[in-house]
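Asker: Not my notes, these are from TrEMBL:
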TRANSMEM  25-48  transmembrane segment
DOMAIN    41-290  domain 'G-protein coupled receptors family 1 profile'
TRANSMEM  60-78  transmembrane segment
TRANSMEM  98-120  transmembrane segment
TRANSMEM  140-168  transmembrane segment
TRANSMEM  197-225  transmembrane segment
TRANSMEM  237-261  transmembrane segment
TRANSMEM  273-292  transmembrane segment
């Protein structure tokens, strides 16, 4: 068994962002604005769901979990990236890089599984509404949520151990704005074939299974919508379902492009764009698509604001 690399390379250097001051400050302002908007949107959703008893049901329980993940996902990478852009401090320690990768894969993996659970929840609600409360019980919700977080943790532990038992002798320049699996494999001086096979197999089986469950659930939902008698109901359901499916496809598509492929296809410039789609854009879009367009959430938000005004 190979030892953990504690003496080969003590630190890594991010080189994936522009060195031009005017571009750096422009990117800093852009990403800071997106990050703050993401935090505000998801914290608002969490606050509304936790304080309004009318939203204490399975759908909003899972939405609360999604909002928490959408807070954690950009928080793992964006603050460090903002530090690079503002302070030009591009150095990260070996331990810091390992922890960043672990938490990133943990959060992304958990969200992959959670989206499948949410799709199944909507399938039961739309296709079997009379049985919904019996099928999606409080106990099942707790088990499903716990299972997604546990799977994400175990998946991340496996991937992190596979990456950081490689030997890094130099160069130590990461062509990305955070530590991730593809650029770390590209930097390694150890043979990576066996590890890549394990990573691709695990990511393919787990991620593929979650995607299939999500896709099948939405197919059944769309078929149920087509059978609705009212054209207005169909239009409304298609609008909601379509926006959900668009965000789901964006997240699954970008994560699959990043992790379910051999390291020989790694392209730093392409990967930076793709990683921003699932790591920065989808956490911003999720509270808008899943919650803030929802009438119940809007009404609950108004009640919370009204209570705050009364208290103040």
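Cβ from N, Cα, C; glycine included.
What does the local environment look like for each feature on the list?
Answerer: Tertiary proximity for the transmembrane segment (25-48) is limited to same-chain residues at least six positions away from its ends with a CB under 8 Å from its CB atoms, namely 17-18, 55, 63-64, 67-68, 70-71, 74, 78-79, 81-82, 85-86, 280-281, 283-284, 286-288, 291-292, 297, 300-301, 304.
Counting residues 6+ beyond its ends, the transmembrane segment (60-78) has Cβ neighbours under 8 Å at 31, 35, 38-39, 42-43, 45-46, 49-50, 100, 103-104, 107-108, 110-111, 114-115, 117-118, 121, 141, 144-145, 148, 177-178, 279-280, 282-283, 286-287, 290-291, 297 in the same chain.
Long-range contacts of the transmembrane segment (197-225) within the same chain: residues 109, 112-113, 115-116, 119-120, 122-123, 126-127, 151, 155, 158-159, 162, 181, 234, 237-238, 241, 244-245, 248, 252, 255-256, 259-262, each at least 6 residues beyond the stretch ends and with a Cβ under 8 Å from a Cβ of the stretch.
With a threshold of 8 Å between CB atoms, the same-chain residues lying at least 6 positions outside the transmembrane segment (237-261) that come near it are 108, 111-112, 115, 119, 122, 126, 180-182, 199-200, 203-204, 207-208, 211, 214, 218, 221-222, 225, 228, 271, 274-275, 277-278, 281-282, 285-286, 289-290, 293.
Note on the transmembrane segment (273-292): residues 31, 34-35, 37-38, 41-42, 44-45, 48, 63, 66-67, 69-71, 73-74, 77-78, 104, 108, 176, 178, 180, 243-244, 246-247, 250-251, 254-255, 257-258, 298 of its chain, located 6 or more positions outside it, place their CB under 8 angstroms from a CB of the stretch.
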Asker: Determine the mean pLDDT over the domain 'G-protein coupled receptors family 1 profile' (41-290), rounding to the nearest whole number.
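Answerer: That stretch averages a pLDDT of 87.
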